[in-house]
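Participant: Shown below is the structure under consideration.
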Amino acid sequence: MPSLSGSDELIFFVNGKKVVVKKPDPEVTLLFYLRRELHLTGTKFACGEGGCGACTVMVSRYSASSKQIRHYPVTACLVPICSLHGAAVTTVEGVGSIRTRVHPVQERLAKCHGTQCGFCSPGMVMSIYTLLRNHPDPTPEQVTEALGGNLCRCTGYRPIVESGKTFCANPTVCQVKRPGRCCLEQEEEEAGSVHTREKMCTKLYDKDEFQPLDPSQEPIFPPELIRMAEDPNKRRLTFQGERTTWLAPATLPDLLELRAEFPQAPLIMGNTTVGPDIKFKGEFHPVFVSPLELPELCVLNSEGDGVTVGSGHSLAQLSDALQSIVSQQPSERTETCRALLNHLRTLAGVQIRSMATLGGHVATRATVSDLNPILAAGKTTIHLVSKEGERQIPLDGAFLEGSPRAGLRPGEIVLSVFIPYSSQWQFVSGLRQAQRQENAMAIVNAGMSVRLEDGSSTIRDLQVFYGGIGPTVLSASRTCGQLVGRQWDDQMLGEACRGILDELRLPPGAKGGQVEFRHTLMLSLLFKFYLRVQRALSKLDPQKFPDIPEEYTSALEEFPIGTPQGTQIFRCVDPHQPPQDPVGHPVMHQAGLKHATGEAAFVDDLPLVSQELFLAVVTSTRAHAKIISIDTGEALALPGVVAVITAEDVPGENNHQGEIFYAQREVVCVGQIVCTVAADTYAHAREAAQKVKVEYEDIEPRIITIEQALEHSSFLSPERKIEQGNVEQAFKHVDQVIEGEVHVEGQEHFYMETQTILAVPRAEDKEMVLHLGTQFPTHVQEFVATALNVPRNRIACHMRRAGGAFGGKVTKPALLGAVAAVAAKKTGRPIRFVLERGDDMLITAGRHPLLGRYKVGFMKSGLIKAVDLEFYINGGCTPDESQLVIEYVVLKSENAYYIPNFRCRGRACKTNLPSNTAFRGFGFPQATVVVEAYMTAVASHCDLLPEEVREMNMYKRPSQTAYRQRFDPEPLRRCWKDCLEHSSFHARKRAAEDFNRQSRWKKRGLAMIPMKYTIGVPVAYYHQAAALVHIYLDGSVLLTHGGCELGQGLHTKMMQVASRELGIPTSYIHLSETSTVTVPNAVFTAGSMGTDINGKAVQNACQTLMARLQPVIRRNPKGKWEEWIKKAFEESISLSATGYFRGFQTNMDWDKERGDAFPYYVYGAACAEVDVDCLSGAHKLLRADIFMDAAFSINPAVDIGQIEGAFVQGMGLYTTEELKYSPKGKLRSQGTNDYKIPTVTEIPEEFHVTLVHSRNPVAIYSSKGLGEAGMFLGSSVISAIWDAVAAARKERKGAESVPETLAVRSPATPEWIRMACVDQFTDMIPRDDPSTFTPWSICVS
């Protein structure tokens, strides 16, 4: 650290108010400062690496040179506060507030039902708001692009995009690029034709209620900042922190002076590389140099032979500049510019593109850089400058590979980059493939350029660069050199492929894995470039250069990023229903406006408590080992550290129901909590946690996979089995028997709000108060009481809302609550425990990986006579919910099909992985994808469509399940029929077959899936519920119940129930929180039964109150509610009532293999259509149609939101979401960089949802629980992918490399799709013997 006399003041504005920081710390981010110092908690912490957009804010800067103000979005978690000198920051609180005025962006997001849990909502608001500040009349494409850097786990994005499109002059952009009318033109017709005897509605909100957007009313940029920017006497700024120094030079000479003095100090512009490296790789820099806003770094000159771009330009600014240049220059001059533009659209999200700079992108030379390969292929040069002078170097292979002779010298900086214009016979392309279309680092990317001799196809110069193949971007220079002088033809392509494989081959166990896939991508991307040049030559001279075959043209078409459209159809409310009765109406989420304004408080938004400490975890780095020692000395010596908590500090039991709070003597998985550190700040706690030294001694066996568990007979529970008919006998009397197995990998919950707990000890009576987001407060209370060795009545758990849960907050908060409570007990001080995203993923695990083995006997007609299923799930190291999950797997495994001879067996395997737990669908999404796999296999063997086999074997009449529960499948048949008809399945299937005949390298697939989904659990006492309703003397009502608001709209529906039962508007009703103090012994909110059971309890309480009020009402029937309440009080009538619902009487006798296991079923059907790129493995979801049996929907907006959100989450399970583990059991997917949930670009271009009416006398108001059912319908997407891949493989049928049966698995990632689409390029890839190397990652299912 330099020796400096003092620190300058940091000046910036937040929401129009001046902020002056006397001693700013360079290590403090804007997110931390907003939340902890300014108490602006609307900006959320969710990932900490700029990958989710929850912390999006708008930064505004004035440029003295251009005299313009620039507004741009940033992720506050990556922005050092020291970089904000002279800037204005706008947070969601500065946009609008319920207390003052709600902004149109916030209002429309809420009223369009674009919020569920609400944790991502402030970031969504800020992304759309920033777009409108720059483009008050945006296009739908701009709305979609603006949201590309924001993640939502609840809604499925459709209503969020729709809210943004309400600001567009023309919000409708038809996605139909094939025969057929626009979906929106058919909307009214569809609504009229579905159940013609019922009136159907298509509008979930009234756009006439929206307040108009008036750009003139937005806050002005602070004049003081303009004066600061134009000050001619600027000087260097120095900010001195606790450990680091920030130096902000005012001039270029000053920058070069600092660079010479501190050559190792990183230059901070956007902090998108250095910031994550500091946080996740433990890097430390005593000095930072930040040359923001230096005019010499912001030059832009497009005159002459190319474009000179200053290194300080953000990637967003670079994109704007290139768009302008491309529009002005002839196309043959802008080959490189257009290639860069194409990549910039999908590189990261808008926030990161607005922060990251061209200079930083070039200088870091990252292997996954999307721009450097293109810049190198385009013969770009770099202008370097230092105190010693200036020089230019080529951005070539030597530079990118890190050659000392070709890189930056000490003291140098990148001043600018020169991108030469291309010539007529030069062709440049950028190509990439990532796990998803946008906001994902490339698996492999490439920059390719060829210069041909004028008028010929002879190669004069060839440049091929690949990222993602080695530690740096690599050049195939040897191969390219050998091809100079050759003709651009098929023979050259074959030699190029062989040469590149030889020159750039990855070792078999290379970091990142996917070796064969990456090798294949190298050739596939080269082939795409080859075709593109062939096509361009034919356009230059059709007589001389033949065009590529018509069926090959699809290889040149990138999947577009469309704007989703769709319809939502539901039953209208009976016109005779009283107007004040909200049941059946699409009512906005009761906290929607609070979500959108950032005023909805989550646990970490609660104000700091006096003497509060922060907790950080130390987790095991071994999968199975003995703990030899824990050395806490160095950690305890650090400033601010109060205590290190271990198993020895647990006053009560350290092991409850098999769950271990703090590891004791041994660890049983990577990620198990060994100890925690309590300190005065989170930064101090985390730093100290990294200093704790744990010595281990490995224990064998180390069991990671299901196969290993089977080998060691390692199980968590006994086998569960159901059987009907005579399976073995039936196999002897069928035409054909097939066998197979399907691996279904796990899934991370990725709730936006990580596990968060505030534990506050009370001085009296050993009481402890916990605030947390959970689905099961009673369970937390039980675990904390056990750990502290106190009665449960001393533990109070308060739960207002959770930022998403999906099953991940049923059991895990109990474990973590006990950990936090023990720390609070030891220190005697409040403990705030907020898991980092990576720690959350590591510790809490997720959906169970599953191995399914099937044996199916069927007739030539496709009729299935016998099925034998074996399921194994990877339960992890402790019981958790694995027993219940495997029971669900077995009970739900028949799905919608009647198989007369059916047997299913299941076991939960014990492994040395973190314990997997409940997840939306509870085993059904894993098990039934195996069922659909064998349905597809049977269809293939019978030369039938899978849909024909499904329909043939579907339940058709009132029946009983394999476990002898009776049901009527009429709604199932109706959903199937309606979906078949209204999705135009057969017409589209024929069109897809025509498309596939005409397209070699892209294939289209369709699939339609039926569903019979169970609601509730087979244990009766888990269906009980209670409520507490108070009526106050002013007529207002306080409602409390035992259910937890997780974003599913439970509180909204409970208010609708209370409103109907009490006959008052919902405005009279307030619902504050769920608490063990008000409603004791409440069961978990899960299994889609929250509304069913809590609604009955609320109804019971309200009916009790209304019965008490009846004498008063009869005497004054025309009186007002307030008058009745006042009179009741005067007559000493109790205005408080508890409500209780005993529950559904379900049971399951596993010894007899029979029972009425579930209260009722939800039925549905979904049709999905996808395009698959056979060369890259990418896929595009074109359309999805969902028909869901909703019975009578209490709130169609909430129910449709649940269906859409579950469908997209299911789609993620089956496509983009891939958990990778090392052979030693370490989770490699720990954050947004490594784990990819769907973004706005993955959802269907056409998304249609119809609620099908039926009757359900079991549930309140004849409704049905719809929180989970849509999850499995996402499997229609993977089934459509299988269909498209089968079409690709059909063209290679008979080839030795193409087995007759496609071995399917989930997820269908780009890797699986590409390698399944076997072709001449996959045939060229060398296969390494698995026994000769250790793989980077393994399949644990």
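Backbone N, Cα and C atoms are what each Cβ position is placed from, and that goes for glycine too.
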Participant: What does Swiss-Prot list, out of Ala250, Ala348, Ala398, as binding the same FAD as Leu267, Ile268, Met269, Gly270, Asn271, Thr272, Thr273, Val274, Thr357, His361, Asp370, Val414?
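Facilitator: Swiss-Prot lists Leu267, Ile268, Met269, Gly270, Asn271, Thr272, Thr273, Val274, Thr357, His361, Asp370, Val414 binding FAD, and from Ala250, Ala348, Ala398 it also lists Ala348.
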Participant: With Gln116, Cys154, Ala805, Phe806, Leu1046, Gly1087, Ser1088, Met1089, Gly1090, Leu1266 listed by Swiss-Prot as Mo-molybdopterin-binding, which of these, Gln729, Gln736, Gln1202, is given for the same site?
Facilitator: Gln1202
Participant: Count the Cβ atoms, other than its own, that fall within 10 Å of the Cβ of Cys117 ([2Fe-2S] cluster 2 binding site), considering every protein chain shown.
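Facilitator: Cys117 ([2Fe-2S] cluster 2 binding site): 30 neighbouring Cβ atoms within 10 Å.
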Participant: To the nearest whole angstrom, state the Cα distance for the pair Val414 (FAD binding site) and Cys55 ([2Fe-2S] cluster 1 binding site).
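Facilitator: For Val414 (FAD binding site) versus Cys55 ([2Fe-2S] cluster 1 binding site), the Cα atoms are 30 Å apart.
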Participant: What recorded positions among Cys55, Cys152, Ala348, Glu1268 are found with a C-alpha within 10 angstroms of that of Ser1088 (Mo-molybdopterin binding site)?
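Facilitator: Of everything listed, what lies within 10 Å of Ser1088 (Mo-molybdopterin binding site) (Cα to Cα) is Glu1268.
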Participant: State the count of C-beta atoms found within 10 angstroms of the C-beta of Asn271 (FAD binding site), not counting that atom itself.
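Facilitator: Within a 10 Å radius of the Cβ of Asn271 (FAD binding site) lie 24 other Cβ atoms.
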Participant: What is the interatomic distance between the Cα atoms of Thr273 (FAD binding site) and Cys77 ([2Fe-2S] cluster 1 binding site), given in whole Å?
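Facilitator: Cα-Cα distance, Thr273 (FAD binding site) to Cys77 ([2Fe-2S] cluster 1 binding site): 13 Å.
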Participant: Work out the three-state DSSP category of Cys77 ([2Fe-2S] cluster 1 binding site).
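Facilitator: It is helical.
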Participant: Specify the nearest of the binding-site residues Cys52, Cys55, Cys77, Cys117 to Leu1266 (Mo-molybdopterin binding site), where nearness means the distance between Cα atoms.
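Facilitator: That would be Cys117, nearest by Cα distance.
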Participant: From the binding-site residues Gln116, Cys152, Leu267, Met269, Ala805, pick the residue whose C-alpha lies nearest to the C-alpha of Cys52 ([2Fe-2S] cluster 1 binding site).
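Facilitator: The answer is Cys152.
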Participant: Starting from the [2Fe-2S] cluster 2 site formed by Cys117, Cys120, Cys152, Cys154, give every other residue of that chain whose CB sits within 8 Å of the mean position of their CB atoms, in sequence order.
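Facilitator: Output for this site, in sequence order: Thr115, Gln116, Gly118, Phe119, Ser121, Arg153, Thr155, Met752, Gly803, Gly804, Gly1047, Gly1205.
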Participant: Using other CB atoms within 10 angstroms as the count, which residue among the binding-site residues Cys52, Cys152, Leu1266 scores least?
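Facilitator: Leu1266, out of the binding-site residues Cys52, Cys152, Leu1266, has the fewest neighbouring Cβ atoms within 10 Å.
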Participant: Compute the mean position of the Cβ atoms of Cys47, Cys52, Cys55, Cys77, which form the recorded [2Fe-2S] cluster 1 site, and then list in sequence order the other residues of that chain whose Cβ is within 8 Å of it.
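Facilitator: Apart from the listed residues, the neighbours are Leu31, Lys44, Phe45, Ala46, Gly48, Glu49, Gly50, Gly51, Gly53, Ala54, Thr75, Ala76, Gly123, Thr1232.
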